[in-house]
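Student: Would you mind keeping the following structure in view while I ask a few things?
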Amino acid sequence: MVEMLPTVAVLVLAVSVVAKDNTTCDGPCGLRFRQNSQAGTRIVSGQSAQLGAWPWMVSLQIFTSHNSRRYHACGGSLLNSHWVLTAAHCFDNKKKVYDWRLVFGAQEIEYGRNKPVKEPQQERYVQKIVIHEKYNVVTEGNDIALLKITPPVTCGNFIGPCCLPHFKAGPPQIPHTCYVTGWGYIKEKAPRPSPVLMEARVDLIDLDLCNSTQWYNGRVTSTNVCAGYPEGKIDTCQGDSGGPLMCRDNVDSPFVVVGITSWGVGCARAKRPGVYTATWDYLDWIASKIGPNALHLIQPATPHPPTTRHPMVSFHPPSLRPPWYFQHLPSRPLYLRPLRPLLHRPSSTQTSSSLMPLLSPPTPAQPASFTIATQHMRHRTTLSFARRLQRLIEALKMRTYPMKHPSQYSGPRNYHYRFSTFEPLSNKPSEPFLHS
């Protein structure tokens, strides 16, 4: 026994060193440990993900103190050993840290479980809930939040950090096939969330198409991403809120979380894709909360250069019409979304004198390098100005025509958050969560 003590001491020290290294979760981000050879089809009535397929996936569970049970409500993405990224609307009704538990490394979860989790799962408490300062509970604007984990989670074979976009990467290309994951409902009116983690392939959808008359009719803002299919059938649903929308450039690239599951009309309906909070618009905010160094560790080392052929948000010149020109629709829909004016590009076939460009004298020829640099600066300046103008118009419209709270409307409402409400276990199916 005396001879074994040094060996035991060495083993204990080695384990402690490995645990210390893993606790930081500073390893490569966005890497999958396992993946399904069938490449999952959908979350709604679809394919289950394998254990370790999405190691940054987190289950946010509501904790009931009287019976110590935990009920899955939202998803989230692990940033590092201290922070989880999720949606702000998950905390509309449960704002206290002691109302929540976090489960990492899970493929299966038990709804209403009152026993400790088993390996490789890890359960943690929430130390702090950080909701975006400009989050709007009615319009769902700035639907993003961070959770401080306590004690820090340990990364390993089934738990690892996600990647976030690089500052220089810009919006992903369209068309682009991405993935969504979650434990949400597998159909629109399911009795409770899925017990197994589901994965789905979805296509990014151009924001102008998503905002067209037959789709969301301008209710998607410039800080959102639309993903799904025109015919529906594959989509996120209640209980998937806060979970990631993930894309990668090629099979050798890490997955990057480009969106946070936010809202939608129903689940898997035609021309009603899922709407996600665009993460690249909130990188500065995330860095201000978790620290710039922590953000840098989860950004890909070689960002993909932004594209101008298929931009995520199509650029349109600012309209010459004043902000008050854009009025609300005559009949307000029963589901509430922020209204964004659709700024249309004048057609190239139009020959009206009011649209003809003014003639200007020719300018002297410039070197090629100077011309390219000037065009790049003008494009960035114009795009920035257009986005600021668009957001100003949205803000003015909200002040001039304040949106009513959903409770002030009568009749059926088919707008749903992707948040799963919890109810005590019973044989009676629960209805999808309706904000009121």
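Any Cβ shown, glycine's included, is placed from N, Cα and C.
Residues annotated as active site, charge relay system in Swiss-Prot: His89, Asp143, Ser241. What Swiss-Prot records for Cys74-Cys90, Cys178-Cys247, Cys210-Cys226, Cys237-Cys267 is disulfide bond, and it gives sequence analysis as the kind of evidence. Positions annotated as domain 'Peptidase S1' by Swiss-Prot, on the basis of sequence analysis: 43-291. Feature annotation from Swiss-Prot assigns N-linked glycosylation site to Asn22, Asn211; the stated evidence is similarity to another entry. As annotated by Swiss-Prot, signal peptide applies to 1-19.
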Student: So which one is it: of the disulfide-bonded residues Cys178, Cys226, which has the fewest other Cβ atoms within 10 Å?
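Tutor: Result for the disulfide-bonded residues Cys178, Cys226: minimum number of other Cβ atoms within 10 Å at Cys178.
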Student: What does the structure give for the C-alpha distance between Cys267 (disulfide bond) and Ser241 (active site, charge relay system)? Integer Å is fine.
Tutor: 12
Student: Of Asp143, Ser241, Cys247, which recorded positions are close to His89 (active site, charge relay system), meaning a Cα within 10 Å of its Cα?
Tutor: Asp143, Ser241
Student: Could you check which of these recorded positions, Cys178, Cys210, Asn211, Cys226, Cys237, Cys247, sit within 10 Å of Cys90 (disulfide bond), going Cα to Cα?
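Tutor: Cα within 10 Å of Cys90 (disulfide bond): none.
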Student: Just to confirm my parser: what is the rounded mean pLDDT across the domain 'Peptidase S1' (43-291)?
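Tutor: That stretch averages a pLDDT of 94.
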Student: Let me know how many other Cβ atoms fall within 10 Å of the Cβ of His89 (active site, charge relay system).
Tutor: 26
Student: Which whole-number value in Å describes the distance between the Cα atoms of Cys226 (disulfide bond) and Asn211 (N-linked glycosylation site)?
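Tutor: Their Cα atoms are separated by 9 Å.
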Student: Taking 10 A as the limit, how many CB atoms besides its own sit near the CB of Cys267 (disulfide bond)?
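Tutor: That number is 27.
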Student: Output the one of Asn211, Ser241 that, of all these recorded positions, has the highest number of other Cβ atoms within 10 Å of its Cβ.
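Tutor: That would be Ser241, with the highest Cβ count within 10 Å.
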